[in-house]
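Quick notes on the structure that follows.
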Amino acid sequence: MARAGGNCGVWRSLVLLGLYGCSVVRAAGTSVTVDRHAPASSYEFSMWVEKDGVSSSPQIPVTTAAPNPVRNLRVEGQNNISISLSWEPPDQSSLQGLTYWTQCSRHGGQTETRNTTDTSVTVDGLDPGSSYECSVWVEKDGLYSKNETLNTSTAPNPVRNLRVEGQNNISISLSWEPPDQPSLQGLTYWAQCSRHGGQTETRNTADTSVTVDGLDPGSSYECSVWVEKDGVYSTNETLNTSTAPNPVRNLRVEGQNNISISLSWEPPDQPSLQGLTYWAQCSRHGGQTETRNTTDTSITVDGLDPGSSYECSVWVEKDGVYSTNETLSNTTAPNPVRNLRVKSQNNFSISLSWEPPDQPSLQGLIYWAQCSRHGGQTETRNTTDTSVTVDGLDPGFLYKCSVWVEKDGVYSTNETLNTSTVPISASNPVRNLRVEGQNNFSISLSWEPPDQSSLQGLTYWAQCSRHGGQTETRNTADTSVTVDGLDPGSSYECSVWVEKDGVYSTNETLNTSTVPAAVNITSCISTSGGYGVLLTWSCPSGGYESFEVKVGRKWRSENGSLCGKGVTVSDLEPAQSYTATVTTVFKDLKAQSLSTTCHTESAAIIAGAIVGILLLFILVGLLIVFLKRRRKKRQPKEVPKDLVCSCPGDILAKDFADHVRENEKDSNCGFAEEYQQLALEGQGQSQITASALENRSKNRYRNVLPYDWSRVPLQPLQEEPGSDYINASFMPGLWSPKEFIATQGPLPNTVGDFWRMVWEQQSHTLVMLTNCMESGRVKCEHYWPLDAQPCIHGQLQVMLISEEASENWTVRHLQLFHMKEQQTLSLRQFHYLAWPDHGVPYSPDPLLAFRKMLRQWMDQTTDGGPPIVHCSAGVGRTGTLIALDVLLRQLECEGLVGPFSFVKKMRESRPLMVQTEAQYVFLHQCILKSLQKPAPALVPEEAMYENVASLVYENASAIMAHESEFSASGC
């Protein structure tokens, strides 16, 4: 029978297997195992049945043998989400058509399967830090080899939030949060700190913190932490930090005085001293702490309290890491005693007393007193009292006695005086001690010799001492001596005693003074149109009490505060030359300056003014005649004489309307008469400070100067002549002579002075009655902030808090902060906008409403200083508003009102208050309106000199009324 795969020449009832040849296997059952075949090879099987030598037809299935498994399966690497495997191919004849399958399974969890035709694969998508069983098998033609299996793990995730918990000089403590992964079992954390080019220290732990010790002090380290699980490591988390430096060595006090302690030390014992900063801190228990730093190994901590105990610490910083402190206790030196003096002395002792030092604490003080004789004996005593007797001294000797203070072994500086014990057998004292003469720098003394039998071998000692200051001592064998080297204008106590054979008599003493120094006249300027001069001189060295000023035959005495400020001498003749001297006076001793020649101005200006005044007289006379004729035509009856040019006093409220109507007749003739009577009020008062050379630039208008007696003084600034001056005056009110302050609108150079005045007076209220610019001319500097950005003026900071604007006024809430005193002052500025330049408001109503609002605010803020009111010059609009407020309150309180009397009173405190007749009339109209009576329209006018090189008349009649003695009689 023919058989597939060739003729094998064998015919039996059996199963035939063909493999490039033939193999025959007999089987009596229904299955058979064929071995010794090649793996992963294709075979053709023929199967038939034989019985009794007869065979069935063959059945021919085709099949393949399974491949062999892979060899040498191994892990090539892993990270936190994958495992990389590799292997060698199976040991078989053919490797064609092989597919490798890889599967990694986590117990009870995730399984990931991959296949490849290579001999390596990466299984990803795994969980970090997890154990996996990984298997690899081979597939060919749908048949699979056996599995090769190994166990491995993914790398853990890195730690989170690695940080330094602390460090000292040999260790760094690290902490972290565990990795973010499903399982934290079986984790080991490794920490390693490495110094560049040097030491490395490694530690491991199962906790989330570790201390790496054995490090070098004051060194920079890179510290890394990683996680291990099953021998697999995470990536590193790394930070840079440093160990603390070692502490300083041998900390010691090098010295101290009453306000500081000087410390020194040796640098720390460590490999590197680069980049070290040393910090020193001295703390007083329950009180002050002062801290300083340096890169040196010594420092002085100052700003301490005298005679106080401090704990002083020094530590080292490097890269923001600090060593431990080295600490010692020490005390600042006490302040010296005050007012050391001799209470008494006898032959063998000197009793001293003093006042305790000026310092916070007087506890634990010991006072030491020592009296020493030159080249000889020294005696020292101590006490806790403020007086002591130093005994055991030799009689009749001069001693230098010193007293100092000790606290905690630290000593103050010495206070010293010279005195002597009483001699046992010495010369009698000198007689008739007297001053023979003195000059700026010396005092000449003379005396009669002592009353005794022998005058041989006598030495006279003279000593002049200034209280709390200089002492000069001289000796001579004569009965006179000049003690020089003294200060001019100073009081001295001068003593003379006798020495014989080293033994001293008692002292004879007198009080005298040196002559003051003469001044140097710096300028003499003509003023008042040639009728006066302004004389200025420099302050002399030394002391002085007053100055005698002489210009020609004019003589006056001025107090000592006027040096450097200038004095005006009046009643001189124009176009003349005068000899001027200034004599310094101290204790009835005088020193006259070198004379200078002063020249008054030419009288040409005055002559022109006189001609102008005469012409004005003529014009006014013609005007008076015209008005009188007009009045006679309009009013047949003659006006009673007691109504012409009368000076009205207080007027009853019910009569005020009649008073106004009467004055309004004949074009306000009555008001004109009243106002003329006010023209010269207040003139002739002293304005020396305002006229001083250094203050001239601070005045906006030359003819509006505050009187000396009523001006608002500022606290003077050190070494700034004229810094106490501002053009401002205290003004009377209803209840007080200083109820208001009237001032000019600030100039650019006086804004700081203006805010100083507000602060010093503690005023809560500013009233501004002008606009900064009017009719194209600057009337006031813009002295408050424009917005939220504060303005700085010296020590004062001005802030705008809020602003409320209405049709006729604006109210600003301001805050003043004193940067040195750290104090705040709140205030409001009431800015009236509707007062026209060179005029008066069109109606009383807005001003009355403004005044009512202002008065309500002032009644609420009674704890501060006086309200400060200004316009441009601080006289016209300012005077009108002050008068209106006071007179309306007078009406409310008394039922009376006296405009004339109050304006007169204001002009006694500041010139030109209620500056124009129109303002005077408007004042009456406002009062009348407040009594519910109508007010007529007003004619505007305003006047003053501008502070410019050429004087400009803004209102000739008002200025003439103020500066001349002209007074019109009648209308």
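Cβ coordinates are placed from backbone N, Cα and C, and glycine is handled just like the others.
In Swiss-Prot this protein carries:
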type     : residues : note
TOPO_DOM : 28-604   : topological domain 'Extracellular'
DOMAIN   : 69-158   : domain 'Fibronectin type-III 1'
DOMAIN   : 159-246  : domain 'Fibronectin type-III 2'
DOMAIN   : 247-336  : domain 'Fibronectin type-III 3'
TRANSMEM : 605-625  : transmembrane segment
DOMAIN   : 671-930  : domain 'Tyrosine-protein phosphatase'
ACT_SITE : CYS871   : active site, phosphocysteine intermediate
MOD_RES  : TYR945   : phosphotyrosine
MOD_RES  : TYR953   : phosphotyrosine
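Taken residue by residue with DSSP, the residue listed as 'active site, phosphocysteine intermediate' is part of neither helix nor strand, so it is coil. The average per-residue pLDDT of the prediction over the topological domain 'Extracellular' (28-604) is 89, rounded to a whole number. With helix defined as DSSP H, G or I and strand as E or B, the domain 'Fibronectin type-III 2' (159-246) counts 0 helix, 49 strand, 39 coil.
Around the residue listed as 'active site, phosphocysteine intermediate', the same-chain residues at least 6 positions away in sequence with a Cβ under 8 Å from its Cβ are GLY745, MET768, LEU769, THR770, LYS779, CYS780, TRP835, ARG877, THR878.
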